[in-house]
Amino acid sequence: MASASRGGAVAEARGRIARFDNVKGLLIILVVAGHFMHPIHNDNPVLSYLFDLIYLFHMPLFVFMSGLFAKGAYRDGRLNVNRMVSFALLGLAYQVAYLAISGLLAPARILRFTSAPWYLIGMVWWYLATPVLAHVPAPAGVAISLVAALLGGCIDMSDGFLAISRSIAFLPYFALGYYCTTDRVERIARSRWPWAAVAAFAGLAVARAVDAHAFDWFFPMVYGDNPYTHGVLPGMLAKLTAIACAVVCSLAALKLVPAARGALTRLGERTLQVYVLHRLIRAWLTFQTPFYHLPVLLDPLVGTAIILALSGGVTAICAWRGFERPFARFMAVRWLPAPKAPETPEESGR
């Protein structure tokens, strides 16, 4: 594990790597599109198809990327508590804003993270897991995370309390990213064998196009907060299938995303602001306007075009560079005083 941390730190010290920002740029586009599709995806067959493909992997790969760049969460025996506090406070503020816009703000709901703010609370839980991950070998850490995710489905925590259920369900992806180095992921993306994952993803896309119910038996597991409702063994099999699909689709995305800098790179550098702001806009459209009641949105062609254009426009607005600095400054706040450096023998003798 120590070698993995050093490798990741060295790679990060060389500056941002375009491929990874491109991956994050693609993922935030998919996140926004998926959220804007959600209210009507069951009633528009084209949106339903796109929604299912997006949800197979977009959050698992996002969590993997978070783990990949979380090497500083636990270093030299210290947790990065300041970063954890920033995530917690931003997640709480996000939750309150979302509930207020949705007309659902009530004390009992504030700690129930059933929507997008869960991810920021999840980051706190995953940071808390890094001392354990750092002190066990990578295979053991990933195995422990996988067992926890499988066992988590045995308990109904779908009320979203403190995002515990989803944090446990997505922990294997964070652990896998935490143990990987950027160099290793780059080598995987440049190698030939991930083309097999691209072919497998194409197969999944064809299967879903042929049969709209092809994913039904395991798809509830992709959300991370659904318990096993048809028995433990079938539930675990469904979750393992969802995980396998996520891994395959993520490898395909890593292979297909360009390595050169471009507009996608700049978007990938601003994912946090887009993640927070877009969901508030969608909540406003859902709960404060009649937008999602427009019959035209159910049209497979016109409705799909409207939703995709809207999600693209919202992504562009939320990625405005003027929002970047406030979010970056907030995440960099030192909420706790810096620990005092140990005294040298000369200083202690004075």
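In case you wondered, yes, glycine gets a Cβ from its N, Cα and C as well.
All annotation found in TrEMBL is predicted automatically rather than curated by experts.
Database features, via TrEMBL:
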type     : residues : note
DOMAIN   : 18-316   : domain 'Acyltransferase 3'
TRANSMEM : 23-41    : transmembrane segment
TRANSMEM : 53-73    : transmembrane segment
TRANSMEM : 85-104   : transmembrane segment
TRANSMEM : 110-129  : transmembrane segment
TRANSMEM : 136-155  : transmembrane segment
TRANSMEM : 161-181  : transmembrane segment
TRANSMEM : 193-210  : transmembrane segment
TRANSMEM : 230-254  : transmembrane segment
TRANSMEM : 275-294  : transmembrane segment
TRANSMEM : 300-320  : transmembrane segment
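Here the transmembrane segment (275-294) lies next to the transmembrane segment (23-41) in space: the count of CB pairs under 8 Å, restricted to residues six or more apart, reaches at least 3. For the transmembrane segment (161-181), the most Cβ-contacting stretch among 23-41, 85-104, 110-129, 193-210, 230-254 is 110-129 (pairs under 8 Å). If you look at the transmembrane segment (53-73) against the transmembrane segment (110-129), you find at least three C-beta pairs under 8 angstroms, all six or more positions apart, and that counts as contact. Same-chain residues lying 6 or more positions outside the transmembrane segment (300-320) and placing a CB less than 8 Å from one of its CB atoms are 28-29, 32-33, 35-37, 40, 44-47, 50, 266-267, 270, 273-274, 277-278, 281-282.
Contact between the transmembrane segment (85-104) and the transmembrane segment (23-41) is not supported: fewer than 3 Cβ pairs lie under 8 Å, counting only residues 6 or more apart in sequence.
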